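Undergrad: The structure follows.
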Amino acid sequence: MKLLSRIKPVEIRGDLRLSIKLTAAVMTLLAISSLLLGRYAISFHDLVAALQTALGHPDLESNHYEVIKAVVFHARLPRVITALIVGAGLAIAGSAFQAVFRNPLVSPGLLGVLNGCAFGAALGLVLQAGLYGVPLLACLFGCLAVAIGVLIAKRIGGDSILLLILGGIISNALFAGLLSLVKYMADPENQLPGIIYWLLGSLSSVSLPLLEVTLPIMVIAMALLLVLGRVLDAMSLGDDEALSLGIPVSTMRYGVIFLATIISAITVCIAGVVGWVGLLIPHLTRLIWGASHRFVLPLSALLGAIFLLIADDLARMLTSSEIPLGVVTELLGAVIFFFLLTRTWQAR
């Protein structure tokens, strides 16, 4: 605690506690709205009645409310919760990577975790690994990809940021090639369409047993990163500055990378490859509220949850057949990032 107290506060803007409360309120309202929206329209009154039915209210037990209860609690609620947590996780992981590498254009896929997860999932689908085998292989190969990138950096001669980036480039290229090889060898009629759909990202087939295993791990990793806000502030100033404050830079760097990698790998296991959240949301948060990671991390989590929830609502409502989530996030992210860059450049 003495070390943390010596870290100089980074610039922040506005009433941040109020911002967190307001952003959380917006997220809650959007989550409730997402429960009402869909091909089967539900009114707020029916939603409340379905909740009372689930709690055993005797006067509301009818076929109508039973159908609504099934739609809300078995289809939409798990999907909404998953969208919120996956969006928050990707945004926090992106914020952590950007702090460690001191670059606002870094994303969670820098060290190869996304390509590693994609290869593992594709391999699992080809091998017919099953409901648990596919996400397990995705998570294992995602972590392996990052480990290879780090080991390459150490083998070259150290753990500097530049060497880690170079190791990540090599690892990304390796697993991108392996993914292409698996896609080439997959059955074009029975296996390849499933691989392509999974790589585009979706929350349509969320598995509750899988969530029960993965979400607690992910939430713990996110909480640990939130605790490290001041440490990330110091690390974003540079290695020398952080060392002068008594922070073990190398240990903390690998610790943060490990936590962010676990979060990123689990999100890919759950939702497939979903782009732009880890790059765009931290950048947007710093632009609005400043650079202090004590607040960038929680606000990024809230904005990431909101962004992915909106994207998922659009994915399942824009057309009669559901659009892959990754397609929607790519389109939304590109448009929003263009306006952010335009505004930032014109403000100079």
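We number each residue from 1, going along the chain as drawn.
Using N, Cα and C of the backbone, Cβ positions are placed for all residues, glycine too.
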Undergrad: Which one of these stretches, 160-182, 206-228, shows up in TrEMBL as transmembrane segment?
TA: 160-182
Undergrad: Against which stretches of its own chain does the transmembrane segment (257-281) lie, if we need a Cβ under 8 Å and a gap of at least six residues from its ends?
TA: 82, 86-87, 89-97, 100, 105-109, 111, 113-114, 116-118, 121, 135-136, 138-139, 142-143, 146, 150, 198-203, 206, 210-211, 214-215, 217-218, 221-222, 224-225, 300, 303-304, 307-308, 324-326, 329-330, 332-334, 336-337, 340
Undergrad: Let me spell it out: take the transmembrane segment (160-182), skip the flanking residues so only those 6+ beyond its ends count, and list any with a Cβ under 8 Å from a Cβ in it.
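TA: Distant Cβ neighbours of the transmembrane segment (160-182) are 100-102, 109-112, 115-116, 118-119, 122-123, 126, 141, 145-146, 148-153, 195.
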Undergrad: With pairs 6 or more apart in sequence, are the transmembrane segment (80-101) and the transmembrane segment (293-311) linked by at least 3 Cβ pairs under 8 Å?
TA: yes
